[in-house]
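Enquirer: Provided herewith is a single structure, encoded as structure tokens, for subsequent inquiry.
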Amino acid sequence: TRRLTSSSFPFLQKAKKNSFRPLRDGEPPPRSTLLRPSPCYLAAAPLPRKRKIIPRPSVRSRSLPRDRRRRRLPSPGGRLCAQGLSWCYTATARRRVYAKMPAGEKEERVTMEVTDEMLKTMEVGLAFRDYIGRISSMDFHSKATNYLVTASDDESIRLYDIQNAVCLKTINSKKYGVELVCFTTNPTLVLYSSKNGWDESLRLLSLNDNRFVRYFKGHLDRVVAMSLCYEKDSFLSGSLDRTVLLWDLRADKAQGLLRVQGRPAVSYDDQGLVFAVAYGGYVRMFDARKFEKGPFNIFSVGNDESEANMIKFSSDGRRLLLTTKAGCIHVLDSFHGNSLATYNVKPVVTNSTLEASFSPDGNHIISGSGDGSVFAWSVRSGKK
């Protein structure tokens, strides 16, 4: 075995070599020889502890940098940095970015504010030419916003990836037809209504394997309105049989029934606590937890008593958007029923409905019209 000496350890060295010798007469004893650390030992001293790294949310989006070490996320016109950053802006108003938060923290979502200048410069950015007929319904998924599903007059359902500009799938429904279609919380499942005239059931369709997951039977005439509540996996349906049914996606039987006196338009708010039913020139507000007690508030839509085409809540739940057969677009305060704005466009043809939508921030309206034009208005200023 190797013999260990002080030279075996570079960090232990004597002050001087051969410093031990006999004392002379009268010579004071020298100070004790100490072992001192060498420069090697000093260099090997433990470094200060690193600052604890706080886990950052991992943002999953193709529009964001994949370098997780970056603490700043891109935003239009500059950069945004904040403690515990859980969201960021994107360059397009339609696309939303979601961050996966650490355990125990609440998820937030923020969308970019739409300005008048952005709407004035709006133009066609992408066109799909695989079908040139009438589109009766379309819907973007609430979270995976690059997915778009459409229902068309050739009795087919199409799924598009708008980020990569490709039609992912076409599913035919020749037997039942298709009129309205919308996503569920799962982007692979869609809910659609038929228009064959003899079966008015709603169907939950799997886009993966073209299989019906569930049937919802209860209406006796064509379904003209649907609205999903993503928070509770429930939805509303309104029909020409003058009934509004409340459903749970996990059950095939209706959970509630409301009888109305005309063609209904229905909509849930984002939280699923309140829903609105519009018909006959009035909007009726219901508490989703005790709808059987009747509406807790009723709003008048001015002098417009024509049939309601559609009704929608803004993302913050403070405004209501209502379109009618007469070509009127009404914006109402959802708390007090006050009319905030009214716009007029050319009425649509008999078998179509006038569709409109809020911008993500709720300050602008985008609408179609009977002459094929698309209009945009500012709710605050009323300018087109």
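Heads up, the Cβ atoms here are built off N, Cα and C, so glycines get one too.
Keep in mind it's a predicted model, so treat the numbers as computed, not measured.
Straight from TrEMBL, here's the annotation block:
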COMPBIAS  1-10  compositional bias 'Polar residues'
REGION    1-37  region 'Disordered'
REGION    52-77  region 'Disordered'
REPEAT    128-170  repeat 'WD'
REPEAT    216-257  repeat 'WD'
REPEAT    357-384  repeat 'WD'
Enquirer: With DSSP, how much of the repeat 'WD' (357-384) is helix, how much strand and how much coil, in residues?
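Expert: Its residues divide into 0 helix, 10 strand, 18 coil.
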Enquirer: Across the whole of the repeat 'WD' (216-257), what does the mean pLDDT come to? Round it, please.
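Expert: Summarising the repeat 'WD' (216-257) by its mean pLDDT gives 93.
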Enquirer: Could you tell me how many residues in the repeat 'WD' (128-170) are helical, how many are strand and how many are coil under DSSP?
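Expert: Within the repeat 'WD' (128-170) the tally stands at 0 helix, 23 strand, 20 coil.
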